[in-house]
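Visitor: I'd like to ask you about the structure that follows.
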Amino acid sequence: MTANDSSPHHLQLTRDGQLRHFLTLDGLDRALLTDILDTADSFIEVGERTIKKVPLLRGRTVVNLFFESSTRTRSTFELAAKRLSADVLNLDISTSATSKGESLSDTLLNLEAMASDMFVVRHSQSGAPHFIAESVTPGVAIINAGDGRHAHPTQAMLDMLTIRQHKGQFEGLKVAIVGDVLHSRVARSQIRALNELGAGEVRVIAPGTLLPKDVESLGCTVEYDMARGMKDLDVVIMLRLQKERMEGALLPSEREFYRLYGLNQQKLALAHPECIVMHPGPINRGVEIESAVADGPQSVILNQVTNGIAIRMAVMSMAMGGQVAERQQKLSERGQT
Ligand code: CP
């Protein structure tokens, strides 16, 4: 890495390979991803206590900056920060000065002036968290909570934690991601994580109109037929049709999509009998998944939500630790410690 290399995967690591921002899974190796999963595992027990708190971020200020709507990600980041004992500020973008024309940079400068230690950012523009990480004051950590179609790294990691809990390991697993891969930041991060962690096969199942042109280059095989694609699966991950990101008619109709690619009990019966069913949410019942499957015995959809808190506690505490270590290293180089 050169001093000028500001690619997201270099920007997010300290010189000795610790997290200092969490922007993308690109460039993070298996050891670091496993460290995140192991750290999250150690936080699961905190959520089962009567007093659900540890002091790791005591005195720190975490700002949730969500420029796009969210239920799961925003709530679990807030709970994770509170369980780490941080002070949490949820900026309501609809009533903030952004609605009066203030730029993102000016909003951030003002929040930095309040001595914030961490920004959790969701934005419709791919690359927005990277842009912020490049310009933010040293010592402030940026966590990507989903940017455009680019990445949703904490979602992918909570999905990996859920898979590991149910399957024990990744080696040899056959995993399929079904539906609107084209518009999905979640799918891109999941494919990256599954490959790095050693999954046996990552398949995408979708009509051609909902696949990116170079999808195989992401590290997956492609299946257009759902019945063939479901065969022998250990894990099936359903995706929401992201109509807010669709330009033009990519589907004949939702009804036709559900007939061909919606997950019902008949299609699930084609997979391995212990196949688990996942969905990042929000789910659209009767569009990509049948209620009997979403609420059925093979569904781990709500486990994913619970695991979101532990994964976000892990990522926030690790990034803050990396920022502190980097600051200490710089002070020591200047002979100030
Ligand atoms: N999975 C996910 O990102 O859900 P939200 O949009 O509710 O945060």
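Just so it is clear, glycine is given a Cβ too, placed from its N, Cα and C backbone atoms.
If you look up TrEMBL, you'll see 20-165 marked as domain 'Aspartate/ornithine carbamoyltransferase carbamoyl-P binding'. According to TrEMBL, the carbamoyl phosphate binding site annotation covers ARG72, THR73, ARG122, HIS152, GLN155, GLY281, PRO282. Under the heading L-aspartate binding site, TrEMBL lists LYS100, ARG185, ARG240. For 171-318, the entry in TrEMBL reads domain 'Aspartate/ornithine carbamoyltransferase Asp/Orn-binding'.
Describe each of these features in terms of where it is and what it packs against.
Guide: Residue counts for the domain 'Aspartate/ornithine carbamoyltransferase carbamoyl-P binding' (20-165) by DSSP state, with H, G and I taken as helix and E and B as strand, are 68 helix, 26 strand, 52 coil.
Here the Cβ of HIS152 (carbamoyl phosphate binding site) has 27 other Cβ atoms within 10 Å, regardless of which shown protein chain they belong to.
In the structure as shown, the Cβ atom of ARG185 (L-aspartate binding site) sits within 10 Å of 23 other Cβ atoms.
If you average pLDDT over the domain 'Aspartate/ornithine carbamoyltransferase Asp/Orn-binding' (171-318) in this model, you get 95.
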Visitor: Record lists LYS100, ARG185, ARG240 as binding L-aspartate; longest Cα-Cα distance in Å?
Guide: 32
Visitor: Can you name the residues of this chain that are 6 or more positions from THR73 (carbamoyl phosphate binding site) yet have a C-beta less than 8 Å from its C-beta?
Guide: PHE66, ARG122, ALA145, GLY146, HIS152, THR154, GLN155, GLY308
Visitor: Which binding-site residues of ARG72, THR73, GLN155, ARG185, GLY281 contact ligand 1 in the sense of C-beta under 6 Å?
Guide: ARG72, THR73, GLN155, GLY281
Visitor: Looking only at Cβ atoms, how many others are within 10 Å of the one on GLY281 (carbamoyl phosphate binding site)?
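Guide: Other Cβ atoms found within 10 Å: 19.
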Visitor: Given the binding-site residues LYS100, ARG185, ARG240, which one's Cα is the least distant from that of GLY281 (carbamoyl phosphate binding site)?
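Guide: For GLY281 (carbamoyl phosphate binding site), the spatially nearest of the binding-site residues is ARG240.
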Visitor: Among the binding-site residues LYS100, ARG122, which residue has the fewest other Cβ atoms within 10 Å of its own Cβ?
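Guide: If we count Cβ atoms within 10 Å for the binding-site residues LYS100, ARG122, the smallest count is at LYS100.
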Visitor: Where DSSP helix means H, G or I and strand means E or B, what are the helix, strand and coil counts for the domain 'Aspartate/ornithine carbamoyltransferase Asp/Orn-binding' (171-318)?
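Guide: So the counts come to 62 helix, 26 strand, 60 coil.
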